[in-house]
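Take a look at the structure set out below.
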């Protein structure tokens, strides 16, 4: 199974990806996580450090693939999850899609691409050009991380459009949304009414999730010294179980931009008309 995790920049994709990878490994699967972001910090919570990128390694070998071995690019992280960082082109030059393609090409040449039960691509922020959705060319499922805010759902809608486009050429499906760092889900529910798709899980605002990222650890590793965090791991295990059940998924039909803007902003304005005493949180302004 190959998964591609997308979402608005800063929404918590890498933290979610690392914990989902561990959850899948906990279920007995051999997992490879590929960071597909020039920041090359996708696997930081699994390894505890910034591992060398494939692009760095290729450049150091003058792009002689035959001189590269699996141990040069694959690092084992917590829980036995293997980790690769694709890296990216220099700022303002090159294409992220090319980097993903080179990463996949190298892993295939090393006979490593097909050794895993699950390969998870953790992909950079928004879909704004043909290069960013490149991991969808290799994925069976796309997973979108969002929150209950306007901007994240607007980005999710663009990603949904990209899934629909890529599904024309191979059997790609959208597994669903994962709500992250949100105490409410009303805006998420409003969106999926207009663009039907599963909501696999909604994680509330949990400070320890943010802290885990800073510490370079997953929640699963933190539970070794603080068993009170076991309940947080259950969110990720639930997501893993749904993915391992090989859901049918959907080929989404995105909402037109202007229609979505009207839908979400009108909903926000209706909520904002209530008084603070009624417990309404202005999630739009918190994004």
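Just so you know, glycine gets a Cβ as well, placed from its N, Cα and C.
For the ATP site, Swiss-Prot records 10, 11, 12, 13, 14, 15, 180, 181, and the single candidate of 29, 30, 39, 166 listed with them is 39. Among the residues the record lists as binding ATP, namely 10, 11, 12, 13, 14, 15, 39, 180, 181, the two farthest apart have Cα atoms separated by 22 Å.
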